[in-house]
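Take a look at the structure set out below.
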Amino acid sequence: MFCKQCEMDSCENEALWFCRNCPLSLCDRCKDQHLRTSIWRNHVTVPIHEGGALVLNKCRFHQNEVITHFCVDCDHTVCNMCIPEHSSNGKGHIFLSLPEAKSKKISELDKFRDIILEKIQPTFESTKNILEIKQSELKGKLEQLLEEIDAQKQIMIDNIVKISDEMKNCVKQYEKGYHQEMNDIKTAIEEGCEKISTVNKQCTDLHDAHLDAISDFLREKSDFETINPPSLPVIRPPRFLPGVFIPLPIKRQLGCLILPDHICEFQTSFPPNNILIDDISSTCSHVVLGNSYNKQLQDLEFHGTTLGNKEEVRTNVFTAGLAKAEDKTLIVSDRDNHRILRVMKNGKCEKLIDTGWRHPRGILINNRGEIVVCLSGISGKIGIYSYDGKCKKREIEKDVSGRSIVYSPQTIVQNYNGDYIIIDKNINQFLILAVHVDTSGYRKRWTFQGGEKVKNADFHPQGLVCDKLGNILISDSKNGEVIILSRDGKYLDCLLTSENGISKPLGLAIDSSGKLWVGQNEGDEGKLAIFKYFKD
């Protein structure tokens, strides 16, 4: 085998070395020159008898030939027998010497490496840094969460200790009073015993006395035989009746873990701003969707993670509010025609309530089975009607001081403590308010006008629902988020944002298993997303 570098100079010198980097067979002289050249200085050369050249230098198409050139068009090495084939039939391929091709390939390799190091590697390093920051933030939040749970636990423990100490103090007070009474009786008994002892001694001493002295004594002590010891009290100590552990009230005091994990989502015929869920069984739910600007209802069945369309009911009214009566019939508010309607199974509607000149909007069936309606117009109020709609029972319009409670109520729900939670609109500003009902009348318990980063004018609540612990969830369509308030109206957290796939949230609902349903606006159509809400 001859030196390939010498062959290029039309010389035939025996190849004694093989460069593994080029690859190239070299004589002694060319090897020394090869390694003195700066770009090849670090190449590895081995004796030709090690066999590396015999394998690495062979042509892939002609096994008995060694490679001599590099075909630029085919992008691989060739031997002398390959060159005619690559040059015939008008191919006219371009060939480079092996060192020149190797140099170009190394240049391409260096460019590729530069791209990796300059563009791709920084993105990985930046992502790594962001991940470390997020991990640190998550660790801090989880530690804070544990501290909050422990703090709330300690508050409950302190309250339990306080209550138990008060009960123990009552027992001690009873014990103190009982002992005092017992001591008084004991003193009276001892005084009686002392009198008996004295009389006994007198009787003994009178044995040797004059008869008249005995008569006088007996005459003076004639009433002694009628004395009795003091009556003992009936002992009725207090009893302790242990309470029963009921998880829900405990959770209402302690709190709960909220994990808004996305379960599934579905496209809907229209943007749902009214969502009504009725659980048929533990695995099946009946779902009705409505929209204030659409004259139809979508009737669905939900099985696990599958939502099936039963039918679409044409009502010919804009259903601004939607509720389900105890007999499972649907009740809707006909905003434009100032009526409350009952929707029959065939889709026909019968009038229950005439709301006069006011527009009915949000509607609910309260904890008494009454129909509660948001009424808006020049002035607003809440109307409360009998189940059959024949009788208006009460109105929520003025508080105990005679001031207006609502202006233009849009949506209403009832919390577990009986408070009405209302989305109200005053000119162009929305607010959430809680109305407390007691024997003296109605009063605002609190108002809320937007989350931490939201200005009043930018707050646009659409959906409203209360969870089983009394927390209030609100969908803010303008800011693309679902937020949580405590039952006292305090901002707790932002539950869902664009990071959860939420864009323009509308109606909200929570089913009996704790899943949160969120309707969303996607133009002419809508979307229904379902999230795991409570961590039981």
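Glycine residues also receive a Cβ, built from the backbone N, Cα and C atoms like all the rest.
Automatic, uncurated: that is what TrEMBL annotation is.
Quick look at what TrEMBL lists:
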COILED    128-155  coiled coil
DOMAIN    1-48  domain 'B box-type'
DOMAIN    59-98  domain 'B box-type'
Tally of residues which DSSP labels helix, strand or coil - the domain 'B box-type' (59-98): 7 helix, 10 strand, 23 coil
Integer mean pLDDT for the coiled coil (128-155): 90
Helix, strand and coil residues within the domain 'B box-type' (1-48) as assigned by DSSP: 18 helix, 11 strand, 19 coil
